[in-house]
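S.K.: Okay, handing you the structure first.
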Amino acid sequence: MSLLHLAIVLPFIAAVFVPFLFKGFRSVHTGWFVLLVPLALFIYFIQYMPVTSSGQTVSQTFEWIPSLGINFTAYVDGLGLLFALLITGIGSLVVLYSIYYLAKEKEALHNFYVYLLMFMGAMLGVVLSDNLIVLYMFWEFTSISSFLLIGYWYDKERSRYGAQKSMLITVFGGLSMLGGIVLLYLMSGTFSIRELIGMSDQLMADPLFIMAMLLVLLGAFTKSAQFPFHVWLPDAMEAPTPVSAYLHSATMVKAGIYLVARMSPIFAESGVWLWLVAGFGIFTLFWGSFNAVKQTDLKGILAYSTVSQLGLIMSLLGLGAAALHFDTLDDNMYMTATIAAVFHLINHATFKGSLFMMAGIVDHETGTRDIRKLGGLVNLMPITFTIAIIGSFSMAGLPPFNGFLSKEMFLTGMISVFELDLFNLNTWGILFPVLAWIASVFTFIYSIKLVFKTFLGKPQFDKLPKKPHEAPIGMLISPLILVSLVILFGFFPNLLANSMIKPAVESILPSLTDAGQEVYVNIYFWHGFTPELFMTLGIILTGIIMYATLAKWQGIYNRIPERFTINGVYDNGLEKGESGSFRLNEFIMTGYMRSYLIYIFAFFVAILLSTLGVRDAFAIDTSNLAEIRIYEVVLALVLVAGAITILFAKSRLTSIVLLGVVGYSVALFFVFFRAPDLALTQLVIETVSVALFLLCFYHLPEISRKEERMKFKIGNAVISILVGITVTLIGIASYSNQSFESISQYHIDNVYDLAAGGNMVNVILVDFRGFDTLFEICVLGIAALGIYAMVNFRGVRRQKG
Amino acid sequence: MEILMSIVVGILFTSAVYLILSKSLLRVIIGTALLSHGAHLLLLTMSGLKRGAAPVLMDDITSYADPLPQALVLTAIVISFGVTAFFLVLAYRAYQELGTDNMEEMKGNEPND
């Protein structure tokens, strides 16, 4: 186990100590101890930056289950490192923020930090694993820890609802992803992502390829809240705000993005990939931004905004796949799309993290997150306002913040679809820039709304639960660091270009860089009077006009009935599923023995008869039959008559006597069939059984003693006749198909020589197959003890009496 | 003879299944007793009937009835007797405790909502 492995599991190890620190040092906020972990990890991972930026990678293997090809291979390349730095960097800031956000007297901090550390370790494992099974394991760890964090305030009903919803959706996706992983393994024989990338050409030709791709994408889309699986994210906002900032903006929801980027080299040659990833991405972008405008809760706006921005990154990754169809990088415009995706990923983490923290501060200081109650906070909370305005303007894509740069690159990427004559993009591709533009307008509107409705406008402090004031400085540190990064990356984007973005892009498109070509990342503000610039101007103009007239067109949001929304479908589906299975259960599990027996017999008949039919197994062979004599026929008639008359017997006494008739006829048959021991035993046992039956009959309760004939039931009759026919057919068919001789000749030959006995049946019972007899004796012994116990031990009744 | 016995066994099974599906506990037990009779006869039939003398070693007889299925049936008879006896006493106790032998009334009242 190398240092790198230790770094990945360090949060898990640290989580073990959190409860002790919480109980042992009540006066210190537990968060201070926890803060050391992500800080140390961040510093540790920074050291890898020179390695990856020079194009090198680091790979360490720790053998876990080598016989199954499952090894914990930690692999650091540009993409993995980018995510690791995001996770540890924002993780430190979030822990710092949570120290001031969560009060140490009131909150169950030991739970909170255990879950948070568990999540951090899981996320690091996801982004730094080369083995797909290990990746999946960490993937589910993120689902579980996210579930625990969303349900942190478990006494609130909405928290539990949100936690359950996110769990169901992400675990559904996770399991699909596992299916995709297994298919990939079947195709290639390896779980290693790097080996899979090497085999991508061979995989393309496999019939399972598309299926594997769909399943992996299902995992990525559910985790990254792509349409229509985005519904869990807004409900996950019931989590404490540090959690929302960390999991639901910067890290966990980007796990799907990571997966798509990581698997791009394997799948991206296919046109299906491009259309699915780019198509779902662009629609999610539109749908998220469209719905964000109608939200009235600060975190609701931010949740839908996150959905929308994730769609943006996803669509860029999809279009970036087109780059693989070109041989050179010089005139490769689609490279821009991948660069934009990576750049926006970083930008989004910075501004969305700060905005969530801003929302948390507003909530903390005013007691509400409802923008209808907020307003005019600018004078009371100037620092928070600054954070909000920088974050929102960056989100809206306004200069001079980093969001502007990535938005421009995004538009460049979208416009470039026109020049591509692959996979019908030159015709249907028009949808991409159009949807992108509309979505950007809505993004502008909700970003503006977020700031203006909260901080400007008429103050209405009387509606607030608390008297608002500026937040303590500790709470402001983290968002301030994040917004300074927003500005820093805005003015000096090339700080990131070679250290972070270039190695990440090279990991996403390895086949191009392997050919010895280099990725040039050069991000700049001014690129002349390009179409993108005019699109941005159009976005700003249209956005301002639409924001001003918001009240007039807001009505369209109420046009969609609740049932047809995706939340409605989810809720209804869950409810219908539950009530449906309850009804099905009620219908099948009646509680009556008779129904269950009918199921059993019906399946018995159906399976055996259909097997007989399908296999064409029925045969009658008359060559090997014993002859029939008249007294045997008579005895058979007596037996059958006895068995059938039982059914019509009115009194129980008659049935018991008829059962005795049947039993003695069977004994007679044993005589005819040369089985003296059987006949003897049968006679004795039948006598005792009939005596027992009569005992039961005598003790029948008075109330139901009135004798009545069995009521005829057609269903019972059909089932029993079918069972009888099946048994007869099987008997005849199997007798006619005898394939080898009996082994009894051995017993006959050796009964005297080996076992010194003349009675073969008895010798078989006690010598050749004596074990059967031993346990048959056990059965009788147990039955006797059981009967004794039943008759004698009547504890319950006595206590009651 | 084997075909005739197969049909007899089929009829035994039919009666037995019909009884098992009835309401009265006593009839169910009668049904299981019939079912075991059917099974024993089927076991014996399937090995071929009347292939020679009873399986007791005697001089100058070479052909015997197959002893192995007879041993199997003997074991089965004893076991089914043990189980039937247990069931009967169980039914008898059920009459005493519950005061009914109607299977339909023996439905536990589960507290499902």
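Heads up, the Cβ atoms here are built off N, Cα and C, so glycines get one too.
Sequence annotations record features per position, and here TrEMBL assigns transmembrane segment to A:6-25, A:32-49, A:79-100, A:134-154, A:245-261, A:302-326, A:338-362, A:374-396, A:533-553, A:656-673, A:679-700, A:773-791 (among others). Feature annotation from TrEMBL assigns domain 'NADH-Ubiquinone oxidoreductase (complex I) chain 5 N-terminal' to A:65-112. According to TrEMBL, the domain 'NADH:quinone oxidoreductase/Mrp antiporter transmembrane' annotation covers A:129-417. As annotated by TrEMBL, domain 'MrpA C-terminal/MbhD' applies to A:637-702. Per TrEMBL, the feature domain 'MrpA C-terminal/MbhE' maps to A:716-791.
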S.K.: Are the transmembrane segment (A:245-261) and the transmembrane segment (A:79-100) close enough that 3 or more Cβ pairs fall under 8 Å, when only pairs 6 or more apart in sequence count?
M.R.: yes
S.K.: In the domain 'MrpA C-terminal/MbhE' (A:716-791), how many residues does DSSP assign to helix, to strand and to coil?
M.R.: 59 helix, 1 strand, 16 coil
S.K.: Suppose you look only at the domain 'NADH-Ubiquinone oxidoreductase (complex I) chain 5 N-terminal' (A:65-112); what would the mean pLDDT be?
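M.R.: Residues in the domain 'NADH-Ubiquinone oxidoreductase (complex I) chain 5 N-terminal' (A:65-112) carry a mean pLDDT of 89 in this prediction.
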S.K.: Grab the same-chain neighbours of the transmembrane segment (A:32-49) for me: Cβ-Cβ under 8 Å, and only residues 6 or more beyond its ends, written as numbers and ranges.
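M.R.: For the transmembrane segment (A:32-49), the far contacts come to 7, 10-11, 14, 17-18, 21, 25, 58, 76, 81, 84-85, 87-89, 91-92, 95-96, 99, 113, 116-117, 120, 124, 499-500.
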S.K.: Treating G and I as helix alongside H, and B as strand alongside E, what does DSSP give for the domain 'NADH-Ubiquinone oxidoreductase (complex I) chain 5 N-terminal' (A:65-112) in helix, strand and coil?
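M.R.: Here the numbers are 31 helix, 8 strand, 9 coil.
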S.K.: Do any residues of this chain, six or more beyond the ends of the transmembrane segment (A:374-396), have a C-beta under 8 angstroms from a C-beta of it, and if so which?
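M.R.: Here the qualifying positions are 298, 305, 309, 347, 350-352, 354-355, 357-358, 361-362, 365-366, 368, 402-404, 443-444, 447-448, 450-451, 453-461, 464, 468-471, 476, 479-480, 482-483, 486-487, 490, 543.
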S.K.: Where DSSP helix means H, G or I and strand means E or B, what are the helix, strand and coil counts for the domain 'MrpA C-terminal/MbhD' (A:637-702)?
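M.R.: The breakdown for the domain 'MrpA C-terminal/MbhD' (A:637-702) reads 56 helix, 0 strand, 10 coil.
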S.K.: Same chain only, please: residues at least 6 beyond the ends of the transmembrane segment (A:302-326) with a C-beta under 8 Å from a C-beta of the stretch. Say none if there are none.
M.R.: 224-227, 230, 233-234, 236-237, 244, 248-249, 253-254, 256-257, 260-261, 264, 268-269, 273-289, 291-292, 295, 332, 334-335, 337-338, 340-341, 344-345, 348, 352, 355-356, 359, 395, 410, 413-414, 416-417, 420, 422, 425, 432, 436, 439, 442-443, 446-447, 450, 508-509, 511-512
